[in-house]
Amino acid sequence: MKIGVVGLGYVGIVTSAVLANQGHHIIGVDIDQKRVDGLNCSVNPIYEPGLDELLKKNTGRLFFTTDYSFLREVDLAFISVSTPTVNGEIYLDYVFSAAKSLSKVLRKDAVIVMKSTVLPGTSRKVREITGIETVSNPEFLKEGTAIEDSIRPDRVVIGSTSKEAGDLVEEVWKFTNAPILRTTPEEAEMIKYAANSFLAMKVSFINEIANLCEKIPGCDVNNIAKGIGFDKRISPYFLRAGLGWGGSCFPKDTLAIASYARSMGTPLRLVEAAIQVNNERPRKAVGLLKEMMGSLKDRRICVLGVAFKPDTDDTRESVSIKIIRLLKEDGATVFAYDPKAKTDLAQMTSLDECVNMSEGVIIATEWKEFIGIEEKLKGKYVVDGRRILNPSVLGYKFRAIGLGE
Ligand code: UDX
């Protein structure tokens, strides 16, 4: 098929590469000329394991442009532009502007596929505005494992009002062999929010249990997670206690659905509580350090990990960034190290230098590189925010999330 992809962010680039690899011809459109030029020379603006190789391997089937008129011949066009939260509410202008541009160039029998995370009713609205069949096909890929998640998703959700339009989208994803769920567009849109909110809630839940475990000598939240995770109704996934969830999806999606639900007069109280619990995590990390060190004024602190999670250079809504800000507010001098991500907020240096120059260390992201560094940390005040260190090696100058003293 000839496929258009509008919005070359994380989802757009990965979708382009994965579908080109399935033999489709992809025309990717973005307003950012630099990004487009780069992608046409296989210069990929994001770090995602395996993505560079996939883009290079399929250059013959990938073309990137800022000009929508190249989409005249496509059979379907994905919309994968960002849907940020502005003042606590979802901002949909990028989606509608992409839809309007598509309506001017697409064949009347083409199909628009909504990949961006949008509130229930948005895909239907796009169909009305454009006069073109629009299918909701939410994306569930995770950064760091995006390609694997796209090729082998747990499920594919296709929400359409037209059976034929839904069938065309089904055709595209049938190679994944994943269960395919056909729904209304509104249900598909709601599934995405419900999934992200539920996962965010699960993590906030285990983080609250972690807070309680810290008060109970002999109690380790990791063992609690293991113990409850064996129960199939709970499952062992998304039960890692830590400094909370960040990234480009959970924070914005939980806020958007909570605000939408309130506007409908049916607040999602559990989701709101999950957000509140999450908002307290950065202060929690700094608090643990202060319990050991006292005032942080003029003290040198190193934050290990800047990305919102390992295997990505993405710092959007990263808990680490919030921790750095809090440390600076307390008057600390902050150093940071991350294998991929960068920040201007702290002095960034090598792992060894960062640790050696500091009195206190906070592990904010669980990069593999930080596993087994206990020897380097000896003598420092350490907060293990992601539970990757062996407490028995570090002794009394050590606090870990969810570990009772
Ligand atoms: C998420 C969803 O998983 C994905 O389905 C959706 O399409 C986009 O949002 P992503 O943001 O890439 O993906 O990261 P994910 O691996 O889900 O982690 C989100 C956050 O939760 C990270 O900050 C991570 O550190 C945190 N997390 C996750 C935990 O603290 N504990 C866990 O057990 C799992």
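Quick reminder: no glycine exception, Cβ is built from N, Cα and C everywhere.
Automatic prediction, not curation, is the source of TrEMBL annotations.
Residues or ranges marked as active site, nucleophile by TrEMBL: Cys249. Of all Cβ atoms in the shown protein chains, 23 besides its own fall within 10 Å of the Cβ of Cys249 (active site, nucleophile).
The secondary structure of Asp30 (NAD(+) binding site), as reduced to three states from DSSP, is coil rather than helix or strand. Per TrEMBL, the feature NAD(+) binding site maps to Asp30, Arg35, Thr83, Thr117, Glu143, Lys252, Arg316.
The number of other CB atoms found within 10 A of the CB of Ala241 (substrate binding site), across every protein chain shown, is 28. Summarising the annotation, TrEMBL assigns substrate binding site to Phe140, Leu141, Lys142, Glu143, Lys192, Phe238, Leu239, Arg240, Ala241, Gly242, Gly246, Lys309.
Summarising the annotation, TrEMBL assigns domain 'UDP-glucose/GDP-mannose dehydrogenase C-terminal' to 302-391.
A coil conformation is recorded for Leu239 (substrate binding site) in the three-state DSSP classification, outside any helix or strand. Less than 6 Å separates the Cβ from ligand 1 in the case of Lys142, drawn from the binding-site residues Arg35, Lys142, Lys252 in sequence order.
Cβ neighbour count within 10 Å across all protein chains ranks Lys192 highest among the binding-site residues Arg35, Lys192, Lys252, Arg316. Per-residue confidence over the domain 'UDP-glucose/GDP-mannose dehydrogenase C-terminal' (302-391) averages out at a pLDDT of 96. The distance from the Cα of Lys192 (substrate binding site) to the Cα of Arg316 (NAD(+) binding site) comes to 20 Å. Residue counts for the domain 'UDP-glucose/GDP-mannose dehydrogenase C-terminal' (302-391) by DSSP state, with H, G and I taken as helix and E and B as strand, are 25 helix, 18 strand, 47 coil. Its Cβ placed at the centre, Lys142 (substrate binding site) has 14 other Cβ atoms within 10 Å.
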